[in-house]
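Enquirer: Sharing a structure below in structure tokens format, with a few things to ask.
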Amino acid sequence: MGNILQNLPAGEKVGLAFSGGLDTSAAIHWMRAKGAIPYSYTANLGQPDEPDYDEIPRRALLYGAEKARLIDCRKQLVAEGIAALQSGAFHISTAGVHYFNTTPIGRAVTGTMLVIAMKEDDVHIWGDGSTFKGNDIERFYRYGLLANPALRIYKPWLDQTFIDELGGRKEMSEYMISHGLTYKMSVEKAYSTDSNIWGATHEAKDLEHLDKGVKIVEPIMGVASWREDVAIKPETVTIRFEEGQPVALNHVTYDDPVQLVLEANAIGGRHGLGVSDQIENRIIEAKSRGIYEAPGLALLFIAYERLVSGIHNEDTIEQYRINGLRLGRLLYQGRWFDSQSMMLRETAQRWVARAITGEVTVELRRGNDYSILDTTSPNLTYKPERLTMEKGESTFSPQDRIGQLTMRHLDITDTRDKLLLYIKTGLLGPSSGNSTTLLPEPADSGTEKPPSR
């Protein structure tokens, strides 16, 4: 089971998930110089902050890659994101504002598709830039081995020799300059950013301090709605679903789900929709903090949840939410393709999402401020005539309700007996600090209690 390499495997092919940034640029040149045969794999995830994907493989070849490939992951990424949406697989929230697990969705796709591409090139050693303190090292480990059980793992940031020689940005920059190489030097920010078509994650550095917040973040998927100098006009948008699939925005149908997501991002981004600030538990149980953007997914989720609430009954919605919380944790932990996740996903997609057909019209204002203006669906079980307060023919009568309330008396009596028992044992009452008070039970209620059995 010793598939984690702590030293560079000289003379062997090593696949590197290559971003084109300073760290992977220095790593790929260093690996070649030390005798390994580096292969470069770059995932096109629709990152909103990447201007030229085609340039990345060219830089990898310049820095010493034996072969450099660009893998278009957008279609699969959108499909997995819609599956998460349909399942409500979002377990992290603060006061009802969700983190939409956009990075875990991206890792599920990257971790499998890049390793599959490596197998095509007979590359069975994989490296990437994840560190030992984060979630990604475990996510990539799991997904990589699912895609290739013969995979071995080499991460430069687990190799002490690499750390000693190139352990910081200053050392990596000096290394590249000393070898006459240019590289993509990102602007030094007060935090780090990772993104894909579904969302952006901002964390680390200054954002590790809870007295720093969203106001230091420059969003990459929309406007900074918290800034007073940013003008945002209200906008009405209509979202259509067919059998759980988002298919139209503002009555424009999209045959390509990728284009629909891009348009949803543009619409939501104009308002700063889907920004959240979360404290969360990493896989290793230590807490971290992130500020997230997900404008398109937030927009689709508003419409999807509205239709769920109007179409399904209370017990189905409750189970959908319970399963979604569990599935969200599994997704976060890198278990999106485990059997327990597949079971929960299939349940939601079959029995919840397939009924979700209809349109929702929303007015977007600033940030996460919105109003739902209209909801239509052929599958709505919301029927106002059943409960209308206006005079007219009713689906049930006052006598029907009297009968229903009479039946309720059975469990009310049982509940009262339990409360009296709790008072008698001291669980309730002034001494327990509980404010619940009950009238004393009448000495003779005139009703004989049935014998206990």
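Each residue's number is its place along the chain shown, starting with 1.
Using the three backbone atoms N, Cα and C, a Cβ is placed for every residue, glycine included.
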Enquirer: Per Swiss-Prot, which one of Asp194, Asp206, Asp211, Asp229 shares the ATP site with Ala17, Phe18, Ser19, Gly20, Gly21, Leu22, Asp23, Thr24, Ser25, Ala43, Gly129, Thr131, Asp136?
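Expert: Among Asp194, Asp206, Asp211, Asp229, only Asp194 appears alongside Ala17, Phe18, Ser19, Gly20, Gly21, Leu22, Asp23, Thr24, Ser25, Ala43, Gly129, Thr131, Asp136 as ATP-binding in Swiss-Prot.
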Enquirer: Based on Cα distances to Gly21 (ATP binding site), point out the closest of the binding-site residues Tyr99, Arg139, Thr201, Glu280.
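Expert: Going through Tyr99, Arg139, Thr201, Glu280 one by one, the closest to Gly21 (ATP binding site) is Thr201.
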Enquirer: Once the chains shown are all counted, how many other Cβ atoms turn up within 10 Å of the Cβ of Ala17 (ATP binding site)?
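Expert: Result for Ala17 (ATP binding site): 22 other Cβ atoms within 10 Å.
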Enquirer: Among Ala17, Phe18, Ser19, Gly20, Gly21, Leu22, Asp23, Thr24, Ser25, Ala43, Gly129, Thr131, Asp136, Asp194, recorded ATP binders, what is the largest CA to CA distance in Å?
Expert: 19
Enquirer: For Gly21 (ATP binding site), which DSSP three-state class applies?
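Expert: Coil, per DSSP.
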Enquirer: Cα-Cα, whole number of Å: Tyr99 (L-citrulline binding site) versus Asp136 (ATP binding site)?
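Expert: Per the Cα atoms, Tyr99 (L-citrulline binding site) and Asp136 (ATP binding site) stand 17 Å apart.
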Enquirer: Tell me the Cβ neighbour count for Glu280 (L-citrulline binding site), meaning other Cβ atoms within 10 Å of its Cβ, over all protein chains shown.
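Expert: For Glu280 (L-citrulline binding site), the 10 Å Cβ neighbour count is 17.
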Enquirer: For the binding-site residues listed here, Ser19, Ser25, Thr131, Ser192, which shows the highest count of neighbouring CB atoms within 10 A?
Expert: Ser25
